[in-house]
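Inspection log for the structure reproduced underneath, given as structure tokens.
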Amino acid sequence: MYSVRPLIEKYINIEPEAYLDIVIEHSYDGIFITDGDANTLTINEAYERITGLSRSEMLNRNMRDLVAEGYISESGSLKAIEAKQTISLSQTFRTGKKALITSKPVMNETGDVIVVITNVRDITELTEVKDRLEMQERLAEKYLAEADALKKQLLDTSDLIVEDKKMIDVLYTAQKVAMTDFTVMITGESGVGKEVLAKFLHNNSHRSDGNFIKVNCGAIPENLIESELFGYEGGAFTGASTGGKPGLFEIAHGGTIFLDEIGELPYNMQVKLLRVLQEGEFTRVGGVLPKKTDIRVVAATHRNLEQMVQSHVFREDLYYRLNVIPILVPPLRERPEDILALIRYFLEAINTKYHWQKRFGRDALDAMHDYYWPGNIRELKNVVERVVAMSRDDVIACDDLPNKIVTANRENVMRYLTDIVPLEEAVIGVEEALLSKAFEKYGNVRGAAKALGIDASTFVRKRQRIQKYRATSEGEKASR
Ligand SMILES: Nc1ncnc2c1ncn2[C@@H]1O[C@H](COP(=O)(O)OP(=O)(O)OP(=O)(O)O)[C@@H](O)[C@H]1O
């Protein structure tokens, strides 16, 4: 047998027996040793900590008695002695801790068990993590099933086309809050479907029999906005009708009011809107008595309201009042599954209307799928309608598509090689093209990253960097 004695004598100035005690006593796992007849010989500190059983209770006792007296439910040592082989079992102790017990018998030359060494490993934390993981998996399964059911229901009952997981998530949230009266703030680029989502909220609410009133806050002239929203009393101003007129908040009573482009609401009107939200009442222009209104408010904007709050063009109190349930509708380019489904949907609608049988060829479909769609669904719908109407053949080819769609990706990458463009833009552009090509081909980050010779976290980091870069340069363009 291997002996540690020479090394102990060489390196440590203690007796080998003391060395053994130190090792046993300070082992992180519990150690428990019996003789061949299951009489307890040694217990370390970790064993006491894990099991809650003290040396005074356990030492110099026989395991059979300890089991009979209920100190422990079963004994690994006894089993190991009986089977003459290593036994593993899991046990929960009075401390509430769960442990993995491994009892190993040590035999002499004649095959008799002389001692049994038992290791006791605390697996409470491990078990908890495993339980948590299992619970998360069960939740994920439940969520997927609900999302599927939701999708089915949606496809059956509305004109909303939703295939992409990102958008299913959005609808899932929307459906959950639809039945409440919480104010919802929908954000997202222009043409992504914010209004469609607001209607979805209304149609799925208990207010669906009431009115859905859309107000485009950016389209009403500033001097008319108050009377449009809150109405006016007869003779309130020159030209006002004598009987007065109800405003949109009055008409929306019992229903939903959709405040589109809320970021365009003039500052002085913001405080009046805040009053409606806080107190559920408003006063007509020229009126004295406040009127109560029971409405659900859904607001939308493509602008960065937080930034507007910081630069004091949008009231902070109103922002928080509106932003109770924020829902971000992702741009079309981040919902690749939706692109194809929407193309099919818009195409089908025209084919049905005109009894045509047109369809997109593979290359044309690829080009549409790869395009950046800055105008989102509105632009996509427009392009499909135009292209289908204009194409001479039943199969729509790349030649039938607007030039910008066919050449956008290729031209951009070529431009980086032929023109002098800022290096950062060129690097981002080429990386973007490669990342999206690889992702499309492999359908997941891991596969795409592997094909590009980078690891998955680098892939994700690069993609985030590209998105940030695009968002910043879009923002700069918009503010120019
Ligand atoms: N999921 C969808 N399925 C089918 N059509 C959709 C979907 N989302 C949007 N659309 C259509 O796309 C067009 C633009 O949608 P919508 O007006 O809701 O966008 P928006 O984000 O409110 O735009 P804006 O910011 O300009 O107000 C509409 O014609 C709408 O019907």
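Along the chain as shown, residues are numbered 1 onward.
Cβ atoms are placed via backbone N, Cα and C, with glycine included.
Predicted automatically and left uncurated, TrEMBL annotations should be read as such.
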Given the ranges 14-41, 126-153, 350-377, 378-405, which one is assigned the annotation coiled coil in TrEMBL? 126-153
In the domain 'PAS' (16-67), how many residues does DSSP call helix, how many strand, and how many coil? 27 helix, 12 strand, 13 coil
Can you give the mean pLDDT for the domain 'PAC' (83-135), rounded to a whole number? 89
